[in-house]
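Notes for the one structure printed next.
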Amino acid sequence: MEGKCFGSLMMLLVFSPVVLAQSEGLQIGFYSSSCPQAEPIVKSTVQAHFSADPSIAPGLLRLHFHDCFVQGCDGSVLIAGTSTERSALPNLGLRGFDVIDDAKAQLEASCPGVVSCADILALAARDAVDLSGSPSWNVPTGRRDGRVSSSSGVSSLPSPLDSIAIQRQKFVAKGLDDHDLVTLVGAHTIGQTDCLFFRYRLYNFTTTGNADPSITQSFLTQLRALCPNNGNGSKRVALDIDSQMDFDVNFFKNVRDGKGILESDQRLYGDSNTRRIVDNYAGNIRGLLGVRFNFEFPKAMVKMSSTEVKTGNQGEIRRVCSKLN
Ligand code: HEM
Ligand SMILES: *[C@@H]1O[C@H](CO)[C@@H](O)[C@H](O)[C@H]1NC(C)=O
Ligand SMILES: *[C@@H]1O[C@H](CO)[C@@H](O)[C@H](O)[C@H]1NC(C)=O
């Protein structure tokens, strides 16, 4: 939180550090004596890449999520190869590998063989969100790197076509409930998607020539202009239209107002339980409810970041993040 200026009393009350001493065998400050520079090195590396290209922040956040949902948060998404997670379709658009490699190289120079790639991912995701304007939080560390990475594992990742029932099922499988689901998908307050992932909603969605009826009419016109029917499917569109650089609650307002981009995002408003959570975050009181999301997001991240982690003498500490030792 240092370096940021928060004005109101409300914020002072809510932004106390998230206190979570231990989580699944992880602990805050795991490297405080073995490699005290670990967290500052990750932070300065993320900062340097962010200065050159701020769109790296959403890239790093998504990279950590995709790591955690397959084989747990164990760096398995980083392994290069022809049949690894990284090579599988849902992971082809992942970005930020170079940032992790850069941080790892510096860490190996300072404290060889100590800091796991899985922890670098978790720390980098936190620092990326911090740089995008949300308060920082303590990341429990001590993850070990996995020794398995297979393209067949990626079926546990959610797809933008998933119904709420399927989204819920995939999150429950990771120990995450509806509150976590809605809160974590709030990550779509930053970053972009290819037209390809949602264009089918704009044209002939029902196979009767109509668009997805959950899209607000004025927004449909806007989206059709951004993604013409036979246009370039790789064109990028903000997941949180009008506010893609800020880690704020605008994403939830958009979902409430029929301006969700991905079908899976808009579906959060079609189920009574997830809708209630979206409404809570979207709110009407400017600022106040944004604070609530900013407080809940770190808690949900700490939970997701602890998914099926390897600790103690499990796995290994990789020397190069893209290769098993
Ligand atoms: C139901 C759950 C989810 C689905 C179906 C989903 C799907 C997607 C899709 C299709 C994209 C666009 C990818 C592209 O075009 O390159 C995307 C982007 C993104 N997702 Fe998710 N996502 C989900 C949950 C999450 C969670 C839990 C996080 C993090 C905590 C997250 C973080 C991001 C970020 C930051 C981006 C932007 C990436 C960029 O700009 O490079 N997503 N997501
Ligand atoms: C919509 O899709 C259906 C089924 O694929 C197809 O038969 C129909 O011709 C399409 N209509 C338009 C307007 O593209
Ligand atoms: C499609 O859009 C992407 C992203 O903006 C761009 O890199 C690519 O060159 C475009 N392709 C064509 C054929 O225009």
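Each Cβ is built from the backbone N, Cα and C atoms, and glycine gets one as well.
TrEMBL does not curate its annotations; it predicts them automatically.
Annotated signal peptide per TrEMBL: 1-21, in sequence order.
Here TrEMBL flags 25-325 as domain 'Plant heme peroxidase family profile'.
Other C-beta atoms found within 10 angstroms of the C-beta of Cys35 (disulfide bond) number 17, with every protein chain shown included. Here TrEMBL flags Cys35-Cys111 (among others) as disulfide bond.
Look at TrEMBL and you will find Arg62 tagged as site 'Transition state stabilizer'. Long-range Cβ neighbours of Arg62 (site 'Transition state stabilizer') (same chain, at least 6 residues apart, Cβ-Cβ under 8 Å): Leu94, Arg95, Gly96, Ala187, Gly191.
Under the heading active site, proton acceptor, TrEMBL lists His66. In three-state terms derived from DSSP, His66 (active site, proton acceptor) belongs to a helical segment.
Of all Cβ atoms in the protein chains displayed, 26 besides its own lie within 10 Å of the Cβ of Glu85 (Ca(2+) 1 binding site). The feature Ca(2+) 1 binding site is assigned by TrEMBL to Asp67, Val70, Gly72, Asp74, Ser76, Glu85.
Under the heading disulfide bond, TrEMBL lists Cys68-Cys73 (among others).
Annotation source TrEMBL lists disulfide bond at Cys117-Cys321 (among others). In sequence order, Gly75, Leu78, Phe97, Ile100, Asp101, Lys104, Cys117, Ile120, Asp145 make up the list of same-chain residues 6 or more apart from Cys321 (disulfide bond) whose Cβ falls under 8 Å from its Cβ.
Under DSSP, the residues of the compositional bias 'Low complexity' (148-158) split into helix, strand and coil as follows: 6 helix, 0 strand, 5 coil. Annotation comment: TrEMBL describes 148-158 as compositional bias 'Low complexity'.
For Pro158 (substrate binding site), the Cβ neighbour count at a 10 Å cut-off comes to 19, with all displayed protein chains included. Summarising the annotation, TrEMBL assigns substrate binding site to Pro158.
Mapped onto three states, the DSSP output places Asp240 (Ca(2+) 2 binding site) in coil. In sequence order, His188, Thr189, Ile190, Asn250, Phe251, Asn254 constitute the residues six or more apart from Asp240 (Ca(2+) 2 binding site) in its chain with CB-CB distances below 8 Å. The Ca(2+) 2 binding site annotation in TrEMBL covers Thr189, Asp240, Asp248.
TrEMBL lists Cys195-Cys227 (among others) with the feature disulfide bond. In the three-state DSSP scheme, Cys227 (disulfide bond) falls into the coil class.
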Entries of Arg62, Asp67, Pro158, Thr189, Cys195, Cys321 (recorded positions) sitting next to ligand 1, with Cβ under 6 Å as the cut-off: Arg62, Pro158
Asp67 (Ca(2+) 1 binding site) and Cys111 (disulfide bond), distance between Cα atoms, whole Å: 24
Other same-chain residues whose Cβ falls within 8 Å of the Cβ centroid of Asp67, Val70, Gly72, Asp74, Ser76, Glu85, the recorded Ca(2+) 1 site, in sequence order: His66, Cys68, Phe69, Gln71, Cys73, Gly75, Val77, Ala118, Gly146, Ser149, Gly153
Fewest other Cβ within 10 angstroms of its own Cβ, chosen from the disulfide-bonded residues Cys68, Cys227: Cys227
Rounded Cα separation (Å) that holds between Ser76 (Ca(2+) 1 binding site) and Cys195 (disulfide bond): 28
Among Cys35, His66, Cys195, Cys227, Asp248, which are recorded as recorded positions, the nearest neighbour of Gly72 (Ca(2+) 1 binding site) by Cα: His66
